[in-house]
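*Asks:* Sharing a structure, written as C-alpha coordinates. Questions coming.
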Amino acid sequence: MRKSVIAGNWKMHMTCAETKNYLEEFIPLIKDLPNDRKIVIAPPFTAISTFSSYSNFDYLDIASQNIHWEDQGAFTAEISPKMLIEHNVKYAIVGHSEPRKYFSESDEQINKRAVFAQSSGLTPIVCVGETLEQRERGEANRVITRQVEQGLENTDPSNLIIAYEPIWAIGTGKTCEASDANKICALIRELIGFDDVIIQYGGSVKPNNIDEIMSMSDINGVLVGGSSLDPISFSRIANYE
(Lines of atoms letter the chains of each structure in order from A and count residues from 1; the text may use other names and numbers.)
(Lines give C-alpha, C1' and ligand atoms only; values in the text may rest on other atoms or scores of the structure.)
Protein backbone atom coordinates (compact mmCIF):
# COMPACT_ATOMS: atom_id res chain seq x y z
CA MET A 1 0.00 0.00 0.00
CA ARG A 2 1.36 3.44 -0.92
CA LYS A 3 2.07 5.83 1.93
CA SER A 4 0.51 9.26 2.04
CA VAL A 5 3.08 12.05 1.68
CA ILE A 6 2.48 15.20 3.70
CA ALA A 7 4.85 17.83 2.31
CA GLY A 8 5.58 21.33 3.52
CA ASN A 9 7.04 23.96 1.20
CA TRP A 10 8.61 26.73 3.27
CA LYS A 11 9.37 28.85 0.20
CA MET A 12 11.54 31.89 1.14
CA HIS A 13 11.01 31.56 4.89
CA MET A 14 13.09 30.32 7.85
CA THR A 15 16.71 31.07 8.73
CA CYS A 16 18.96 28.29 10.03
CA ALA A 17 18.24 29.34 13.63
CA GLU A 18 14.50 29.41 12.95
CA THR A 19 14.71 25.99 11.31
CA LYS A 20 16.41 24.54 14.39
CA ASN A 21 13.78 26.02 16.72
CA TYR A 22 10.96 24.81 14.48
CA LEU A 23 12.22 21.22 14.33
CA GLU A 24 12.83 21.02 18.06
CA GLU A 25 9.17 21.92 18.59
CA PHE A 26 7.79 19.95 15.64
CA ILE A 27 9.49 16.56 16.00
CA PRO A 28 7.96 15.71 19.41
CA LEU A 29 4.52 16.51 17.97
CA ILE A 30 4.88 13.83 15.28
CA LYS A 31 6.67 11.11 17.23
CA ASP A 32 3.52 8.94 17.20
CA LEU A 33 2.80 9.48 13.51
CA PRO A 34 0.84 6.57 11.98
CA ASN A 35 3.02 4.39 9.76
CA ASP A 36 0.78 4.91 6.72
CA ARG A 37 2.30 8.34 6.00
CA LYS A 38 5.55 10.24 5.60
CA ILE A 39 6.41 13.90 6.16
CA VAL A 40 8.60 15.83 3.73
CA ILE A 41 9.70 19.43 4.26
CA ALA A 42 11.32 21.70 1.66
CA PRO A 43 13.31 24.35 3.54
CA PRO A 44 15.21 27.14 1.79
CA PHE A 45 18.58 26.03 0.42
CA THR A 46 20.47 27.82 3.21
CA ALA A 47 18.69 25.76 5.89
CA ILE A 48 19.08 22.33 4.30
CA SER A 49 22.31 21.50 6.14
CA THR A 50 20.70 22.48 9.47
CA PHE A 51 17.66 20.37 8.64
CA SER A 52 19.73 17.35 7.62
CA SER A 53 20.92 16.77 11.19
CA TYR A 54 17.28 16.22 12.18
CA SER A 55 16.25 13.99 9.28
CA ASN A 56 17.36 10.65 10.71
CA PHE A 57 13.76 9.61 11.34
CA ASP A 58 11.92 7.15 9.12
CA TYR A 59 8.93 9.47 8.87
CA LEU A 60 10.70 12.78 8.06
CA ASP A 61 12.61 13.59 4.87
CA ILE A 62 14.02 16.69 3.17
CA ALA A 63 12.99 18.09 -0.20
CA SER A 64 14.64 20.72 -2.33
CA GLN A 65 12.51 23.59 -3.65
CA ASN A 66 14.01 23.15 -7.11
CA ILE A 67 16.66 21.19 -8.98
CA HIS A 68 18.68 21.60 -12.17
CA TRP A 69 19.04 19.10 -15.01
CA GLU A 70 22.86 19.13 -14.88
CA ASP A 71 25.18 18.14 -12.03
CA GLN A 72 27.47 21.13 -12.53
CA GLY A 73 28.15 24.00 -14.89
CA ALA A 74 27.60 27.69 -15.56
CA PHE A 75 24.04 27.83 -14.23
CA THR A 76 23.90 30.79 -11.86
CA ALA A 77 21.33 30.46 -9.04
CA GLU A 78 20.63 26.78 -9.78
CA ILE A 79 21.39 23.73 -7.62
CA SER A 80 22.28 20.19 -8.66
CA PRO A 81 21.21 16.76 -7.39
CA LYS A 82 24.68 15.80 -6.18
CA MET A 83 24.87 18.97 -4.07
CA LEU A 84 21.55 18.09 -2.46
CA ILE A 85 22.19 14.38 -1.94
CA GLU A 86 25.24 15.31 0.18
CA HIS A 87 22.74 16.75 2.68
CA ASN A 88 20.34 13.78 2.74
CA VAL A 89 17.80 15.38 0.41
CA LYS A 90 15.43 12.73 -0.99
CA TYR A 91 12.83 14.78 -2.91
CA ALA A 92 12.77 17.80 -5.23
CA ILE A 93 9.84 20.09 -6.02
CA VAL A 94 9.68 21.00 -9.70
CA GLY A 95 7.15 22.95 -11.72
CA HIS A 96 5.69 24.96 -8.86
CA SER A 97 3.40 27.73 -10.06
CA GLU A 98 5.71 30.45 -8.73
CA PRO A 99 8.73 29.64 -10.96
CA ARG A 100 6.27 28.96 -13.79
CA LYS A 101 4.87 32.48 -13.28
CA TYR A 102 7.90 34.55 -12.24
CA PHE A 103 10.58 32.83 -14.32
CA SER A 104 8.46 31.61 -17.27
CA GLU A 105 9.44 28.02 -16.62
CA SER A 106 8.13 25.78 -19.38
CA ASP A 107 6.79 22.23 -19.34
CA GLU A 108 9.91 21.21 -21.28
CA GLN A 109 12.21 22.59 -18.57
CA ILE A 110 10.10 20.98 -15.87
CA ASN A 111 10.37 17.66 -17.68
CA LYS A 112 14.17 17.96 -17.85
CA ARG A 113 14.31 18.65 -14.11
CA ALA A 114 12.01 15.73 -13.27
CA VAL A 115 13.81 13.23 -15.48
CA PHE A 116 17.24 14.23 -14.15
CA ALA A 117 16.01 14.14 -10.56
CA GLN A 118 14.91 10.54 -11.04
CA SER A 119 18.11 9.51 -12.79
CA SER A 120 20.06 11.00 -9.87
CA GLY A 121 18.14 9.03 -7.25
CA LEU A 122 15.72 11.73 -6.11
CA THR A 123 11.93 11.64 -6.17
CA PRO A 124 10.46 14.65 -7.99
CA ILE A 125 7.30 16.31 -6.70
CA VAL A 126 5.92 17.72 -9.94
CA CYS A 127 3.32 20.47 -9.58
CA VAL A 128 0.48 21.02 -12.02
CA GLY A 129 -2.50 23.35 -11.87
CA GLU A 130 -4.73 25.78 -13.70
CA THR A 131 -5.34 29.51 -13.25
CA LEU A 132 -8.72 30.91 -12.22
CA GLU A 133 -9.29 32.20 -15.76
CA GLN A 134 -8.59 28.77 -17.24
CA ARG A 135 -10.92 27.15 -14.75
CA GLU A 136 -13.73 29.62 -15.45
CA ARG A 137 -13.37 28.96 -19.19
CA GLY A 138 -13.74 25.23 -18.58
CA GLU A 139 -10.13 24.54 -19.60
CA ALA A 140 -8.85 22.94 -16.38
CA ASN A 141 -8.79 19.37 -17.71
CA ARG A 142 -7.07 20.41 -20.93
CA VAL A 143 -4.41 22.42 -19.07
CA ILE A 144 -3.73 19.60 -16.61
CA THR A 145 -3.54 17.06 -19.43
CA ARG A 146 -0.95 19.17 -21.27
CA GLN A 147 1.14 19.72 -18.15
CA VAL A 148 1.10 16.01 -17.28
CA GLU A 149 1.83 14.76 -20.80
CA GLN A 150 4.62 17.25 -21.50
CA GLY A 151 6.05 17.65 -18.01
CA LEU A 152 6.16 13.95 -17.15
CA GLU A 153 7.29 12.44 -20.43
CA ASN A 154 9.83 9.63 -19.91
CA THR A 155 9.48 9.67 -16.11
CA ASP A 156 9.06 6.59 -13.94
CA PRO A 157 5.66 6.74 -12.19
CA SER A 158 6.86 4.42 -9.43
CA ASN A 159 9.30 7.12 -8.27
CA LEU A 160 7.13 10.17 -8.72
CA ILE A 161 4.78 12.43 -6.79
CA ILE A 162 2.37 14.74 -8.58
CA ALA A 163 0.95 17.73 -6.72
CA TYR A 164 -2.28 19.18 -8.08
CA GLU A 165 -2.19 22.83 -7.05
CA PRO A 166 -4.90 24.99 -8.60
CA ILE A 167 -3.07 28.29 -8.91
CA TRP A 168 -6.08 30.32 -7.82
CA ALA A 169 -6.09 28.48 -4.45
CA ILE A 170 -2.41 28.95 -3.55
CA GLY A 171 -1.99 31.41 -0.69
CA THR A 172 -5.40 32.96 -1.30
CA GLY A 173 -7.41 31.28 1.43
CA LYS A 174 -9.62 29.82 -1.29
CA THR A 175 -9.71 26.04 -1.28
CA CYS A 176 -10.81 23.88 -4.15
CA GLU A 177 -13.76 21.74 -3.09
CA ALA A 178 -12.36 18.38 -2.03
CA SER A 179 -14.64 16.51 -4.44
CA ASP A 180 -13.53 18.74 -7.34
CA ALA A 181 -9.86 18.26 -6.45
CA ASN A 182 -10.44 14.52 -6.30
CA LYS A 183 -11.82 14.52 -9.86
CA ILE A 184 -8.69 16.23 -11.16
CA CYS A 185 -6.48 13.83 -9.22
CA ALA A 186 -8.41 10.91 -10.73
CA LEU A 187 -7.81 12.40 -14.19
CA ILE A 188 -4.08 12.66 -13.45
CA ARG A 189 -3.98 9.03 -12.30
CA GLU A 190 -5.72 7.97 -15.50
CA LEU A 191 -3.27 9.98 -17.63
CA ILE A 192 -0.28 8.43 -15.82
CA GLY A 193 -1.71 4.93 -16.16
CA PHE A 194 -0.23 3.73 -12.86
CA ASP A 195 -2.65 3.21 -9.98
CA ASP A 196 0.00 3.48 -7.26
CA VAL A 197 1.33 6.90 -8.27
CA ILE A 198 1.15 9.34 -5.34
CA ILE A 199 -1.01 12.38 -6.06
CA GLN A 200 -1.16 15.30 -3.64
CA TYR A 201 -3.48 18.28 -3.37
CA GLY A 202 -2.08 21.72 -2.63
CA GLY A 203 -3.75 25.08 -2.18
CA SER A 204 -4.73 26.65 1.17
CA VAL A 205 -4.48 23.34 3.03
CA LYS A 206 -5.18 23.98 6.72
CA PRO A 207 -5.87 22.03 9.92
CA ASN A 208 -9.61 22.63 9.48
CA ASN A 209 -9.84 21.06 6.01
CA ILE A 210 -7.16 18.36 6.01
CA ASP A 211 -9.44 15.55 7.21
CA GLU A 212 -11.91 16.08 4.36
CA ILE A 213 -9.14 16.39 1.78
CA MET A 214 -7.46 13.18 2.91
CA SER A 215 -10.76 11.29 2.87
CA MET A 216 -10.86 11.55 -0.93
CA SER A 217 -10.18 8.35 -2.86
CA ASP A 218 -7.61 9.74 -5.31
CA ILE A 219 -5.72 12.11 -3.00
CA ASN A 220 -2.66 10.54 -1.37
CA GLY A 221 -1.16 13.54 0.38
CA VAL A 222 -0.88 17.30 0.44
CA LEU A 223 1.65 19.98 -0.46
CA VAL A 224 1.29 22.68 2.18
CA GLY A 225 2.56 26.25 2.03
CA GLY A 226 1.72 28.76 4.76
CA SER A 227 0.35 26.28 7.27
CA SER A 228 3.62 24.33 7.21
CA LEU A 229 5.45 27.32 8.72
CA ASP A 230 3.78 26.81 12.08
CA PRO A 231 4.85 23.57 13.80
CA ILE A 232 1.56 23.16 15.65
CA SER A 233 -0.58 23.68 12.53
CA PHE A 234 1.62 21.42 10.42
CA SER A 235 1.67 18.69 13.07
CA ARG A 236 -2.15 18.72 13.06
CA ILE A 237 -2.09 18.36 9.28
CA ALA A 238 0.42 15.51 9.54
CA ASN A 239 -1.75 13.78 12.13
CA TYR A 240 -4.91 13.99 10.03
CA GLU A 241 -7.67 11.54 10.89
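Including glycine, each Cβ sits where the backbone N, Cα and C put it.
Checked Swiss-Prot, it gives:
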type     : residues                                           : note
BINDING  : ASN9, TRP10, LYS11, GLY171, SER204, GLY225, GLY226 : substrate binding site
ACT_SITE : HIS96                                              : active site, electrophile
ACT_SITE : GLU165                                             : active site, proton acceptor
*Asks:* Go through ASN9, TRP10, GLY171, SER204, GLY225, the listed binding-site residues, and name the one with the sparsest Cβ surroundings, counting other Cβ atoms within 10 Å.
*Replies:* GLY171
*Asks:* Taking just the CA atoms, what is the gap between GLY171 (substrate binding site) and GLU165 (active site, proton acceptor) in Å?
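*Replies:* Spelling it out, the Cα of GLY171 (substrate binding site) and the Cα of GLU165 (active site, proton acceptor) are 11 Å apart.
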*Asks:* Among all the protein chains here, how many other CB atoms are within 10 A of the CB of HIS96 (active site, electrophile)?
*Replies:* 26
*Asks:* Should any of the recorded positions TRP10, GLU165, SER204, GLY226 have a Cα within 10 Å of the Cα of HIS96 (active site, electrophile), which are they?
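*Replies:* Of TRP10, GLU165, SER204, GLY226, within range: GLU165.
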*Asks:* Where does ASN9 (substrate binding site) sit by DSSP, helix, strand or coil?
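*Replies:* Going by the DSSP assignment, ASN9 (substrate binding site) falls within a strand, counted as strand.
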*Asks:* For TRP10 (substrate binding site) and GLU165 (active site, proton acceptor), determine the Cα separation and express it in whole Å.
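*Replies:* About 15 Å separate the Cα atoms of these two residues.
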*Asks:* Do you see any of the binding-site residues ASN9, LYS11, GLY225, GLY226 whose C-alpha is within 10 Å of GLU165 (active site, proton acceptor), and which ones?
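*Replies:* None, since no candidate lies within 10 Å.
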*Asks:* Using DSSP reduced to three states, classify GLY225 (substrate binding site) as helix, strand or coil.
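*Replies:* Reduced to three states, the DSSP call for GLY225 (substrate binding site) is coil.
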*Asks:* Which of the three DSSP states, helix, strand or coil, fits GLY171 (substrate binding site)?
*Replies:* coil
*Asks:* Pick out which of the recorded positions LYS11, GLU165 has the most other Cβ atoms within 10 Å of its own Cβ.
*Replies:* GLU165
